[in-house]
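Annotated in Swiss-Prot:
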| type | residues | note |
| --- | --- | --- |
| BINDING | Y36, C56, C59, H60 | heme binding site |
| SIGNAL | 1-35 | signal peptide |
| TRANSMEM | 286-306 | transmembrane segment |
Amino acid sequence: MQTRNTFSWIREEITRSISVSLMIYIITWASISSAYPIFAQQNYENPREATGRIVCANCHLANKPVDIEVPQTVLPDTVFEAVVKIPYDMQLKQVLANGKKGALNVGAVLILPEGFELAPPDRISPEMKEKIGNLSFQNYRPNKKNILVIGPVPGQKYSEITFPILAPDPATNKDVHFLKYPIYVGGNRGRGQIYPDGSKSNNTVYNATAGGIISKILRKEKGGYEITIVDASNGREVIDIIPRGLELLVSEGESIKLDQPLTSNPNVGGFGQGDAEIVLQDPLRVQGLLFFLGSVVLAQIFLVLKKKQFEKVQLSEMNF
């Protein structure tokens with residue numbers, strides 16, 4: 001009987017341990033997967049610094065182009081498209097975290113004027129939904145609905161990202177006015193070179209931390225290298241760790257200098273930022289303009305008719 005109770009206790013403990021381990025795995029996996037596209041959100045209250053620089057450039061060091069297309073003018077309480085273009089060579093492959101080569105992903109941050117926000121699903125037309133695809137946009141902060149982020153998403157499918165934007169209505173939002181507003185955008189393709197904690201990823205160049213002679217290069221079992229450098233100044237050994245996926249530029253016995261590249265640069269992506277302007281137009285001004293243009297057209301028509309009438313009178317007088 002005691003043996004049976006012992007086995008039962010062991011079985012319960014094993015089951016509990018497995019459940020706890022599984023729960024930890026799920027929580028950890030979820031936090032990692034959801035944290036990757038929101039590194040900037042976790043570390044910066046505002047994605048645009050006072051200098052105008054978007055903080056994504058702190059991790060994505062290479063400079064690449066990005067473009068944004070928005071209408072010149074929009075009316076209050078209407079939905080419009082903001083199209084962010086992140087061009088790159090679709091044939092390129094990047095170094096993944098596991099050291100293998102894979103396709104590039106893309107991401108973007110869109111900084112709208114105060115009052116502008118992501119359009120609700122019921123306001124988005126079927127044509128616009130088709131352009132958006134399966135993208136899921138997030139607010140940068142719960143209280144910053146005018147700043148939107150997306151990514152990482154497959155670059156081959158979403159090198160052009162369509163944001164559905166709802167324009168504010170000054171009639172219901174007294175903080176909004178009929179003015180010209182700036183829009184800022186940042187877009188990246190590929191992985192970053194630096195993590196938010198300041199450590200390097202395996203998508204950048206690794207340099208020698210000391211000058212001297214390379215006495216040993218050890219290839220690690222799971223990939224990557226340990227490079228032992230004998231410091232020329234004091235004879236001590238310095239070991240530089242190279243993560244997997246990188247190509248070495250040095251060999252054993254070679255003399256190297258401090259900060260000399262030990263690997264080639266694997267990065268094929270980069271980050272870019274741009275801006276555009278949009279006018280929130282007063283409908284009354286549009287109506288006034290249409291009325292003015294209509295008046296001008298009518299005046300021209302009356303002038304033409306008057307001229308023809310005058311010509312007829314002159315012609316009849318000449319006939320007499």
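Numbering starts at 1 and runs along the chain as it is shown here.
Glycine residues also receive a Cβ, built from the backbone N, Cα and C atoms like all the rest.
The Cβ of C59 (heme binding site) has F39, G192, Q193, I194, Y195, P196 as same-chain neighbours under 8 Å, each 6 or more residues away in sequence. Long-range neighbours of H60 (heme binding site) (same chain, six or more residues apart, CB within less than 8 Å of its CB): N188, G190, G192, Q193, G269, G270, F271.
Cβ-based neighbour count (10 Å, all protein chains) for C56 (heme binding site) stands at 23. For the recorded site, C56 (heme binding site), the DSSP three-state label reads helix.
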